[in-house]
Amino acid sequence: MSRELMVETGGELIGNTPLLKLNKIGKDLGASIAVKVEYMNPACSVKDRIAFNMIDTAEKAGLITPGKTVLIEPTSGNMGIALAYCGKLRGYKVILTMPASMSIERRCLLKAYGAEVILTDPATAVKGAVQRAEELRDVIPNAYILNQFGNPANPEAHYKTTGPEIWRQTQGKVDIVCFGVGSGGTCTGVGRFLKEKNPSVQVFPVEPFESSVINGLPHSPHKIQGMGTGMIPDILDLTLFSEALRVHSDDAIAMAKKLADEESILGGISSGANVCAAVQLAKRPENKGKLIVTTVNSFGERYLSTALYAELRDNAANMKQLNLDDSIKIAKEYLGI
C-alpha cells in the first residue's frame, strides 16, 4: 500500500518501509550496505508483516474466526507485539508466552495492545515458551496457535512484500542479503524471492556467536533478543543459504549504539547484529563493489531496559535538577567548550 494516500485500516500501513544506505558505517568497506527500516511499520517491527499475513491466511482457510478464536503464540517479543496489534485490529483475544528474560518494554507494549502475557523460564529459551503455548491451547476453548516457527504464511509474507520491495528499491541491483534468524521467515521468504529473480543473489542467515545452531554448535545464553532461539525453525530453508554468519552479542550491542550515533538509526540489538554481519561481508575482497541489504528489525525504545542502554539508563536515573551555573557547565562539557 502506498503511503501517499489515506488508508482505511491499520493493516494497510504495514510494509513499504524505506531502504536507507549506511553512508558512515558503510564508508570505505568495499561494498555498500543498505538497511530496510522496519520500525517504520505501525507496531514498529518487521514482525508486523508476518503477524498480519498469518492471521489473514488462517481466516481465509476457515481456521480462525474473529470474536471467537483465542490466538496463542510463543514469542521473544516482537512477534507478540505485532500479533497483539494485528489481533486488536482483527477482533481477536491474544495470549503470548514469552521467556522472562525479554525486556520489560515488550511486556508493557503487549499489555498496551490488550494482550495477556505469560512468562516462562528463560533457561528453556523459546522452546519453553512453545511448550507452554501448546499446554494452554490444550485447555483453553477455541484456542489456536499460528506457529510462526512452522507456518508457511510467515516466509510467504516476506516473499510477497519484503523481497519485492528490496528488488524494486534497488532496481534489481541487490547482490547480497543477510538477516538474523529468529523464526527464519525473513531469510527464507526474501531469499526465495530474490533467488527466483536472480539466482546469483547470495543469502546469509545470521545467528549469535554464543548460539550457533545452524553451524551445528550448541545453544548457550546470549544477549541478542529475537535471534538464536536454540532451534532450527521448520520454515527455515537451508538450501537457500551460502553460509551462516556468527555475531557476538557484545559486537551486536556496540553496533546498535554505533547505528544511533553515526546514522541516527535507533534500532535494537538484533539490528546491530544484522549490520555487524553486513560489515563482515562488505570487508570480504570478493564482495567489492556489491550491494548488501539487511534490516533494522525494530525500534530501539523497546530495548531501554536491556544491556544495550545500561549506561544511559543509569545516567538518566541519576540526573538531578540543576541551577543555572551547573546547567551552563553541563552544556559546555557537552559542546566541548
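Indices start at 1 and increase along the chain as displayed.
Glycine is treated like the rest: Cβ placed from N, Cα and C.
Keep in mind that what you see is a predicted model, and the values were worked out from it rather than measured.
Some features that Swiss-Prot has for this protein:
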- Asn78, Gly182, Ser183, Gly184, Gly185, Thr186, Ser270: pyridoxal 5'-phosphate binding site (BINDING)
- Lys47: N6-(pyridoxal phosphate)lysine (MOD_RES)
Field: Lowest local Cβ density (other Cβ within 10 Å) among binding-site residues: Asn78, Ser183, Thr186
entry: Ser183
- request: Determine which residues of the same chain, besides Asn78, Gly182, Ser183, Gly184, Gly185, Thr186, Ser270, have their CB within 8 A of the center of the CB atoms at the recorded pyridoxal 5'-phosphate site, and list them by sequence.
  value: Val46, Lys47, Ile50, Met79, Gln148, Phe179, Gly180, Val181, Cys187, Gly226, Met227, Asn297
- prompt: Do any residues at least six apart in sequence from Gly184 (pyridoxal 5'-phosphate binding site), in the same chain, have a Cβ closer than 8 Å to its Cβ, and if so which, in order?
  reply: Phe149, Asn154, Pro155, Pro205, Ile232, Pro233, Ile235, Leu236, Asp237
Query: What's the longest C-alpha separation between any two of Asn78, Gly182, Ser183, Gly184, Gly185, Thr186, Ser270, the listed pyridoxal 5'-phosphate-binding residues, in angstrom?
result: 15
Among Gly182, Gly185, the one of these binding-site residues whose Cβ has the fewest neighbouring Cβ atoms within 10 Å: Gly182
Query: Taking the Cβ of Ser270 (pyridoxal 5'-phosphate binding site) as reference, which residues of that chain separated by at least 6 in sequence fall under 8 Å from it?
result: Gly180, Gly182, Ile224, Gln225, Gly226, Met227, Ala252, Asn297, Ser298
- prompt: How many Å separate the Cα atoms of Ser183 (pyridoxal 5'-phosphate binding site) and Lys47 (N6-(pyridoxal phosphate)lysine)?
  reply: 10
Statement: Taking only the CA atoms, the spacing between Thr186 (pyridoxal 5'-phosphate binding site) and Lys47 (N6-(pyridoxal phosphate)lysine), expressed in whole angstrom, is 9
Separation of alpha carbons, Asn78 (pyridoxal 5'-phosphate binding site) and the residue listed as 'N6-(pyridoxal phosphate)lysine' (Å): 6
